[in-house]
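A quick write-up on the structure given underneath.
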């Protein structure tokens with residue numbers, strides 16, 4: 001026997017007060033449960049409550065432990081079996097993407113080093129506001145320099161190049177990149193969406209869609225294994241100060257990273273020595289001068305960023321003249 005209003009799935013059949021006996025085939029009325037206005041959360045037994053609290057506390061502790069792990073342990077590329085091969089590949093690849101000095105009257109007659117520095121300083125602020133990954137910033141600056149080494153840019157379109165490069169880097173590095181409208185908004189609507197998309201296409205075409213090039217941050221993850229978190233933050237601060245300065249494009253990413261770590265060790269231990277010290281000293285000396293002059297520099301985005309608890313307030317560290 002079939003009752004029409006019982007021919008359904010879901011809560012109608014489940015909550016029905018009727019059911020059909022499997023043995024007799026007779027429809028029997030079930031005993032109705034008393035209606036209660038007590039919220040379910042208060043109807044849970046004390047033991048069940050304690051179990052739930054315990055599970056939540058265990059989950060919270062697990063999350064905290066995950067967050068306390070070094071970031072390097074979360075990087076998929078840090079696979080013990082292939083670490084050396086990946087590192088050697090990065091050393092080979094960085095030679096392919098090394099660029100020459102491009103800020104000359106012939107190559108870039110409409111912009112200069114100061115304009116580039118202002119753009120990079122602004123991008124460091126934008127990167128921090130969007131809370132993007134560290135890799136995204138370094139890739140953005142690399143894309144800008146590689147594009148400017150190939151194509152002439154006017155002063156009015158320099159910021160557009162920076163925004164489009166950040167747009168590309170976010171697509172490559174971020175799981176949830178900001179929306180296109182956000183990139184238009186940060187320019188104070190100096191450009192429209194079609195401008196950003198057009199420049200994105202021009203950059204990709206000029207670079208032949210070769211986006212993934214080694215950056216200083218990738219080498220920092222490898223070379224900083226022996227540094228504690230505060231010293232690593234100081235090394236990263238030095239690298240981001242160097243991002244603003246055009247002259248440091250003359251150095252390979254691996255070289256500038258090694259020089260930054262050498263400088264950090266020298267600051268902490270004046271008598272620190274290393275095997276390739278002679279090769280690192282010229283770059284380390286320039287980085288040291290940059291670090292000492294950071295407080296007086298008009299571009300302060302990197303100092304603001306690293307003057308936070310997250311980075312152990314390393315931008316407050318005063319560096320004296322280091323003996324040769």
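Placed from the backbone N, Cα and C atoms, the Cβ positions cover glycine too.
TrEMBL has this to say about the protein:
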- 121-205: domain 'Cyclin-like' (DOMAIN)
- 214-320: domain 'Cyclin C-terminal' (DOMAIN)
- 218-289: domain 'Cyclin-like' (DOMAIN)
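Taken as a whole, the domain 'Cyclin-like' (121-205) shows an average pLDDT of 95 in this prediction.
The residues of the domain 'Cyclin-like' (218-289), classed with DSSP into helix (H, G, I), strand (E, B) and coil, number 56 helix, 0 strand, 16 coil.
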